[in-house]
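The block underneath contains the structure these notes are about, expressed in C-alpha cells.
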Amino acid sequence: MPREELGAPEAVPAWLWEEQLLAPHETVLLAVSGGVDSMTLLHLFRFLMPIPVRLVCLHVDHRLRGAAAVEDARFVRAVAEAWGVPCFVYPLPFFPAGGNVQETARALRYGLFAYVAREVRATAVLTAHNFDDVVETFFLRLFRGAGPRGLGGIPIVRPLSGSRLLRPLLPVRRRSIEAYASRHGVPWREDVSNRSLTYARNRIRHLFLPLVEELAPSAAHHVVRLANVLRQDEAFLEGAAREFLRKHLFAFPSFLLVRRSVLATLPLPVLRRAVRLTWSELRGSRTSLAYEDVCATSEVVLGKRRAASLPGGVTVERQGEYVLWVREGGADEFATAVDWPGTARIPHLGCSVRIRDPGEGSGVEDEREVACRATLFLTPDLPLVFRSRRPGDRLETPWGSREVRELLRTAGVPPRLRRVWPVAEQGGRIVWVPGASPASKKIETGKEVVVELGWCTSPFVRRFWRHFCTHRNGR
C-alpha cells in the first residue's frame, strides 16, 4: 500500500522505485506550470532521480492570465532548456465560455496531456499534485455534497488515454516542497490567482484549513488516510457492481434493462453503484449521477415508485419483471436487408443474422454462439428484411392471423421492448417474429432456409435473445 505521507521530496525517488511506479528508461512527460510544486518536480527528476528516465517538459498556456501567462511560458522554457530538458509550450486550443472556468480548464488540460504524450511517446504523464491538494479536494467535494466516490481522494496513478497519469509528490506536504525549493535554489513563479479568495479552493486553503489544523494538528493526515480508505472501498464495491452488470444487463442502442428481481437482491451499496454505472453506460459519459437521482432509481428497483426521470434525458421505469433505462431520442426504428444465403450485422439487435440452406449445416464451431434459429420458407431473389415492429403488424400463425404486439405480450416481452422488437419481413409480409413461431407452414411456399440469430456483441445480449426465443423457435 502506498505511503500516505513522505517527509521530504528527496524521499520520492526511492518510494517510486519501491512501489514500482516507474521503470528504467521510460519516457515521462512532466506538466510544469512554473509554480513551486511543478518546478520542484522538474528539479527532482532532473538532478536527484537515480532511475534513468527520458524527461520531456510540457507547459500549458490556459489563455487566462494575459501577459503573466506569456512570462510563465518563457520562464519554464528557459529553465527547462538550461537544465537540459526539452520543453514544449502549448496553448489550449479553445476555451468555451460559461460554466466553471477551473473545471473546464482542467478537462482541456488533461486532454492536451494525453495528446502530447502520444506525440512524444511518453508512457507516463507526471503532475505536481501534493498532499495538501488531497486535503483541499476532500473538503471542497464534501461541502458540495460528494459521496464516497468523490471523497476518495486523488489517486497516485490512473490510466490516461494510452499512457498513465502519475503524481509523485502526492505524499509530500506543500511546506516540505517549498523547503526543498529553498534548499536547492529552485526558481519558480508565483501565480497571484492562488491567493485570490474568489475561488472556493483558495478559501478552503487560506481560511478554513488553518483553523482546522489549529483545532486538530493531525487533521490533514487523518483526512488523507480516510480518503485512501474510501477510494479502496469504492473500487471494491464498484467492481462488484460491474461484475453484476456484466452478467445481468441487457444492452441495446436506446435502452438497457435488468430483471428487477435479480437487481433487488443486491446489497444497497452495490445497488447504488450499479444504478450509477448503468446510467453512465446509456449516456456514454463518466459524469457522476447525483445522490438524489441514485435514490430515486433505487426506489424504482425496490418497487417503491413506478418511474423516475434522470439527467441527460434518461428515464428509468418498471415494466413487468424488468427495470428499463431509456434514453430520450434513442433510435428505435431500424431496417436491415439480408441477402441470402449470407450474413449481416444488425447493430440494433446487438448481433448478426445468418441465412443458410438446411443441408449446409450450421458450420458453427461453438454452438453457444447461436442465440436462436428458425426454419422459414422464402421467395428466391428477395432479401429478408429485419426491421423494428410497426403498429398493425400481423403474423399468420397456425391459429390464424395474430397481431405481433399481442404475440409479444403473451411471450412476456416488456411494453418498452415491444416498440423496438424485430420482425423478419419479405415482400411486405412478416415471416418470423423472434420470440414467436414462424409464419404458418400451411401457407408457405418457396425455398426452405434456416435463419440463425447470434454472434452477439456481448454474453448478456446473447442470453437475452435465448431467453425470449429458444424455447419457442425449435432450438
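Yeah, the Cβs are placed from backbone N, Cα and C, and that goes for glycine too.
It should be emphasised that the depicted structure is a prediction, and the values quoted were computed from it without experimental measurement.
The ATP binding site feature in TrEMBL is assigned to S33, G34, G35, V36, D37, S38. Long-range Cβ contacts of V36 (ATP binding site) within its own chain (separation 6+, distance under 8 Å): I177, E178, A181, V186, W188.
Taken from TrEMBL, the feature domain 'Lysidine-tRNA(Ile) synthetase C-terminal' applies to 384-453.
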Near-site residues: ATP, ref S33, G34, G35, V36, D37, S38, CB cutoff 8 A to centroid: V32, M39, T40, A128, W188, R189, D191
Summary of DSSP states over the domain 'Lysidine-tRNA(Ile) synthetase C-terminal' (384-453), given as helix, strand and coil counts: 14 helix, 29 strand, 27 coil
Local Cβ density at D37 (ATP binding site) - other Cβ atoms counted within 10 Å: 24
